[in-house]
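These features come from TrEMBL:
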REGION    54-96  region 'Disordered'
COMPBIAS  63-72  compositional bias 'Polar residues'
DOMAIN    407-498  domain 'DUF7779'
REPEAT    728-761  repeat 'TPR'
REPEAT    770-803  repeat 'TPR'
Amino acid sequence: MECPLCTEDTIEEGEEPIIHRQPKLVSTRILKRHLGRHLERLALFAVSSTDEAADENDDESLPSDNLNSGVSQLRVDDLSSSDPGESEGDLPIGPGKIDLGRLKSVRILSTTATTTSDELPLELQPTSEEQLVMLPCRDVSMFSRNLNFVGRKETFAKLRRALDPESILQSRTYRQIFALCGSGGVGKTQTALNYVFEEMDKFQVVLWAHASTQTQLIHSFSNFATKLGLGLSSTLGTEKDPTLDADLLKAWFNDATVPWLLVIDSADNTDGLDDYLPTGSFGSILITSRNAALVPKYGGMVLGMLDEENAIRLLLESIKRQGWTDNGDANTIDNAATKVVRRLGCFPLAITEAAHYISSNGEKALTDFITDYERNELAHAISHPRLPSELTDAQPFKLSILWNMSYSSLTKDQQSLLNTISFFDPTGIPLNLISEGAIKARGPGSESLDFIKTEHRFRACKSALIRSSLVMQNEKIGQLWMHQLYQESAQARMSSQERQENWDRALALLEACWPSTGRDKRRRMDLWQVHTQYLPQVQSLGFWYKAYLATGQPLSLDDRFAQLLIQAASFCLMRGFFEPVDSLLDLVEVYCKYSFDDCELLLFDTYWIRGGTQLQLNIFEGGFRNFEKAYNLLQQAVSKGLINTNDDRIAIACGLKGNGHLAMYQFELAEEWYLKAFQRWEKLPDDIFKDKQLFASNIAVAYCHQGKLDAAEEILRPGIDKYEESTGNSLYTLGNVRIAQDNLEEAFENFKRAYSLFKTDLGELHRLTNNACYSLGWVLNKQRKYSSAISMFKQALEAYEDNSYYRNEAARTKYMLGVVQIGHGDAILGQKNIDDAKKQYEEIKPNISVDDLTERDFDELVMPWSC
């Protein structure tokens, strides 16, 4: 028998085994699995292969194919671990090595095909079992190395002491964090980037994550999860889901046993930051931020200006690398450079910008720079008085002067392009948003995009911006990038009229590229990836709209902007990406508050999405109130003549009222309103879309709770017989109908089909997928297949606990897991899970006694359609 952790050599009969005395580096998880396999084999000789109890194993190790099948043999399979994305590094075992970046498990493969009655079907086992982690994986593709970088030796020494992985095995028991803080433009990002390029080979995994917004941080995690081999979209063939992929990556970081480095760049807004800092002891985390409060919290330093010697080096090396030459003697050049850096206060970003200006303005630009600078300084001080913050910190003011010097050298078209893209997210502006948007754009703002409507014109303007250093380009990923200070300078320089013109252009570009979806195609999964790409740009427009409103200089808008916000919020709801929903819809309400137009229809959509989001998060009363508001707003729209009585939204409003009553467990009232919705649809002309399946599963839930099982099955059947986006919901609800009919076999089959559809369409970590997983566990428990039931409950619980939004589902699942474990003979672990579930229940409902809680109490923590 071969054992890859004992010997890699084949032992012939009669030979002594080769024992390797050298120490081996293995994770605790691998060692436990390895020993468990040997114990399983020993147990096979003590238990009859037909003993049903032998297969009721509650171990957390990887499932064996057939533990009751007589003699088995060990072999190494290229399969993934039981946890998503687990990676163990290289495991030395004598002369050769097993690369545990590729090898993920040791499984027992039976020599017979016997199958026990309590074995999970293959399609119900977690897909993560089949994932491969690609190591090494280092992603800083959005940057190239800065060849002009100078100085910072003391800073690098501190970074190495804090983050280098060499001491991981000897002393670390927790991750290491270093916060590199300082004012904008001082060189935080460039210092972090240089550290990464210098030390990259020491880490098996390197991720650079943009953190200017939470959305960007999630997308950085998601994209890297795919590159690492963890992303659901890379394993299931589904559309990309940033939130679920990000959760997988965080879980992988927590369990990884290879050195990894996570750089979180531009974390100026630290709300919720801790949620994205993995805790794995093999990890190093480098944070850059303007917020100096992170230094005492995590450890690190505040980065200051360059010393004069290195500031001069930076200036001279930068201008020479860009082709600048000066025929003056060395002393003259050094003296001129010294005057420049002193005038700029040794401010790195200002020096870099000055170098671009000098290199593009001829031989005498260095010696004449101070004269040019002071002339622009005077002009700038007159036209742009210093902000209060600039009176104490002169660096942004100096940079603004330099920015104006470069800006003034641009043509009018180039300036227009720069001002337009300054409304977008500066950390990543898709090139196709500009090139394709200019061609597709219609309506206000589109008529002034002629200067970039051809590829030649767009390339000419873009190239000039890149040469000016005001904008950078990453050709690999097709994005433009702008320093945040440059973005702020562009915004500050524009007059009110220029600001409005460039806002209109930016909105026209984004509206042209954002794929719109009507009510007849609410969940267009084929468009989700495009929506994901453009969501940060929608949020950026929202940021600037709100910022100018606060200054008393609001932008002039029309309904197009509000509709774009609603479309983005609807996408987030459908995708289960709840974080941005409220902020997007808040902006719609602000727009409606200041609009002179009738906004009832915009607000109807707003409260529809708000209510739907709250029900997804088990906020029952909030959902009920928002659906009430949506219904009342639509009645107002009808009375004002904004829509006629043939509008399908009237039926939808009735159905939303039904959803609100269903959330409050008022099943008769819910049924009444759903029937009103169906009656409304029946009265509509044939050419109007009638989405009767929108509420079919919901009214079936109301029927089921009232014992009207035949009516429930009748309304569900069309959505099952003809596959559509609601088929998974129909199958799931039919499973509950079968339970009420005491038909567990058919209930199991319906839940299994629903699980398969949800997993394929939405991913393994989605709430709906794991609701089906929970229900499968419930049925398996009733069928006395206890170990399989425990496996399904654990699978659901792991997904719920990875997402704080699903804490109600997690409490319910943990309670049922404990109940089954106690019934299966594991009283200690089972009681612990029940006690933990009660604590979670008390946090959710603090004023209710938890002493006599039952399964029904935990069921009522979640929406009735989840039960």
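Placement of Cβ uses the backbone N, Cα and C atoms for every residue, glycine included.
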Secondary structure content of the domain 'DUF7779' (407-498), with strand meaning DSSP E or B: 55 helix, 8 strand, 29 coil
Composition by DSSP (helix, strand, coil) of residues within the repeat 'TPR' (770-803): 29 helix, 0 strand, 5 coil
Mean of the pLDDT scores, which run from 0 to 100, over the domain 'DUF7779' (407-498): 88
Secondary structure tally of the repeat 'TPR' (728-761) (DSSP, helix then strand then coil): 31 helix, 0 strand, 3 coil
